Amino acid sequence: MADDIIAVKPEIAAKARVDAAKRDAMVAAEARDADAFWRSEMTRIAWMKEPTKIKAVDFTGDVSIKWFWDGELNASVSCLDRHLATRGDQVAIIWEGDDPNSDSKVTYRDLHARVCKLANAMRKLGVKKGDRVCIYLPMIVEAAVAMLACARVGAIHSIVFGGFSPDSLASRIQDSACSLLITADEGRRGGRKVPLKANADEALLACPSIRHVIVAKNTGGTVAMKDGRDHWWEALTAGEPDTCEPERMNAEDPLFILYTSGSTGKPKGVLHTTGGYMVWAAFTHDNVFDYRDGEIYWCTADVGWVTGHTYIVYGPLANGATTLMFEGVPSWPDNGRFWQVCAKHKVNIFYTAPTAIRALMRDGEAPVRKHDRSSIRILGSVGEPINPEAWLWYYRVVGDERCPIVDTWWQTETGGILISPLPGAVAQKPGSATLPLPGVKPAIVDGEGNILDGAAEGNLVILDSWPGQMRTIYGDHPRFAQTYFSTFPGKYFTGDGARRDADGYYWITGRVDDVINVAGHRMGTAEVESALVAHQSVAEAAVVGMPHDIKGQGIYAYVTLKAGVEPTEALRKELVAWVRKEIGPIATPDAIQWAPGLPKTRSGKIMRRILRKIAANETDGLGDTSTLADPGVVQELIENKVG
Ligand code: PRX
């Protein structure tokens with residue numbers, strides 16, 4: 001089943017702007033003269049000064065990546081100003097609230113005015129080019145306005161997902177020394193309120209760099225406002241003009257920082273710059289989703305993740321699209337919500353995550369069939385491997401076997417999609433992200449870094465740069481070179497494993513490092529471990545991913561308690577709550593196993609390979625345990641496995 005090929009339907013190929021021949025021509029043009037190819041693609045966005053230099057990249061040594069590097073632009077102009085003459089009255093953002101009775105529409109003209117007002121107010125607060133601004137907002141229109149207002153004044157935004165705890169928010173603000181925080185009174189999700197301002201107040205006790213806080217009124221809930229520091233958005237912006245001179249930015253000036261988990265304890269501030277990122281966002285959004293003027297495009301992600309940055313805000317708005325922002329969750333008020341919203345707004349392109357598909361699949365076909373999905377033309381998937389069963393259900397039930405599915409592989413670091421079918425050009429195989437986009441050069445290498453040809457399985461690397469690639473880790477360039485370019489020198493290492501079949505199709509097998517992917521969200525095992533050991537009863541902890549039917553992976557924690565502490569059910573619950581409080585609900589452990597000892601080598605290194613196998617119930621093939629200091633520990637853990 002998994003190797004089924006679903007050919008591009010002739011009627012889809014006939015209408016697609018990129019069919020197989022056109023795709024071949026793009027790949028050939030890029031191969032023939034990459035500079036010429038990108039010189040032509042860069043005109044997708046608006047430049048104040050057109051670049052003459054296209055690319056200067058070195059993946060060795062200190063690693064340096066530059067694209068369009070003598071060009072000047074402002075990202076907000078590409079997303080707003082240049083649409084005003086042609087589509088000022090077109091809806092830019094359809095906002096659909098958590099409550100099914102609340103929605104609103106914002107035209108390009110309105111959005112431009114709202115962005116300019118906020119940008120003017122930010123300048124008055126002293127925000128300048130290069131300053132860092134933290135955004136901690138729910139999925140409300142203000143989130144897009146705040147991003148674009150930062151871009152307008154040349155400030156670097158750093159969005160922190162609203163589900164993160166005060167501690168997680170504080171550490172991200174501290175790492176990039178943000179001077180302004182933009183938040184809201186409260187968020188709403190699935191009928192519940194999220195106390196964003198209260199969380200922010202707690203975080204800010206440890207954030208002396210923050211001079212001002214702008215608070216959007218969302219639920220109207222009561223919040224504390226600190227005199228001189230906190231300002232209501234509405235009052236602050238009301239008297240501001242609705243035009244604002246955009247800052248001239250070099251193509252390589254930073255646009256945003258987004259923190260993401262890696263193998264070590266501290267999340268990394270992935271830094272994206274302006275020119276290359278914007279070209280990549282526009283290029284991929286247009287080609288992968290075959291976007292047509294006038295269509296309604298819906299990506300269900302949150303702007304707190306990279307998917308929301310590139311495929312709710314920057315890509316769609318650069319292309320003049322109507323983008324839908326959804327505040328709610330797929331299961332509230334009932335599990336037909338996605339399809340109800342598709343019917344209500346006549347959504348043409350729908351982009352979501354496998355975890356949502358698997359959760360909805362469990363509830364059967366009726367909630368889907370109840371709603372009219374005839375407007376949908378293209379379906380997308382992102383964030384984690386999609387199993388063929390879920391893929392086929394999505395194709396058959398949601399798309400009525402009419403709509404191509406684009407399974408898009410990419411990462412926070414890549415800025416946008418790298419491997420994906422183009423819907424009118426590439427035959428799909430359920431579970432495969434298929435082929436690289438034109439200009440993307442993936443390879444599979446073995447443990448020693450040798451490039452494997454033909455059908456092969458190993459580590460996924462990218463051999464050369466693409467415009468949307470991250471440029472550095474904020475404030476720590478050596479860590480950037482070390483993390484991504486030292487495992488296989490001269491190549492960008494993705495951290496993913498992959499298989500390539502005889503047709504050249506890529507099948508992502510999942511992370512090969514100590515990162516786990518929980519419901520499409522990246523979580524570093526080390527982050528959860530350091531949260532656990534911060535608890536007074538915990539002596540040691542080891543965290544691994546375990547297979548999970550809905551979430552793809554769940555969090556499995558082995559915990560060694562301090563001498564004399566009793567392992568009780570109450571303590572287990574307390575530790576789960578502790579991790580939620582330390583990091584946020586997305587890090588909630590699914591299982592905690594009391595471990596009197598952990599399997600270690602004689603040099604004291606925890607053998608995670610063994611812990612992963614125990615958590616996955618794969619204890620038949622534990623492999624070589626002869627290097628263990630105390631082999632008895634393993635038997636103990638197997639016998640007391642949880643779940
Ligand atoms: O393991 C891959 C998985 O998600 C990781 C990137 O996570 P993040 O930076 O949070 O970005 C998520 C949204 C782009 C990758 O290293 N991943 C993402 N998309 C896919 C995927 N795995 C398989 N198939 C995909 N389509």
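A Cβ is built for glycine as well, from the same backbone N, Cα and C atoms used for every other residue.
Per TrEMBL, the ATP site holds Gly383, Glu384, Pro385, Asp407, Thr408, Trp409, Trp410, Gln411, Thr412, Asp496, Arg522; the candidate it also names there, chosen from Arg369, Arg396, Arg511, is Arg511. For the pair Lys605 (N6-acetyllysine) and Gly383 (ATP binding site), the Cα-Cα distance reads 31 Å. Ranking the recorded positions His535, Lys605 by how many other Cβ atoms lie within 10 angstroms of each Cβ puts Lys605 at the bottom. Of all the binding-site residues listed (Val533, Val538), Val538 sits in the most crowded Cβ setting, with the most other Cβ atoms within 10 Å. Within 10 Å of its Cβ, the residue among the binding-site residues Thr408, Thr412 with the fewest other Cβ atoms is Thr412. Ligand 1 lies under 6 Å from the Cβ of none of the recorded positions Val533, His535, Val538, Lys605. The Cβ of Arg511 (ATP binding site) has Gly495, Asp496, Gly497, Asn517, Gly545 as same-chain neighbours under 8 Å, each 6 or more residues away in sequence. Between the alpha carbons (Cα) of Gly383 (ATP binding site) and Val533 (Mg(2+) binding site) lies a span of roughly 29 Å.
Rounded to a whole number, the C-alpha distance linking Thr412 (ATP binding site) with Val533 (Mg(2+) binding site) is 28 angstrom.
Close to the recorded Mg(2+) site, the chain also has Ala531, Leu532, Ala534, Gln536, Ser537, Ala539, Glu540, Ala541, Val559, Leu575, Trp578: residues not among Val533, His535, Val538 whose Cβ is within 8 Å of the site's Cβ mean position.
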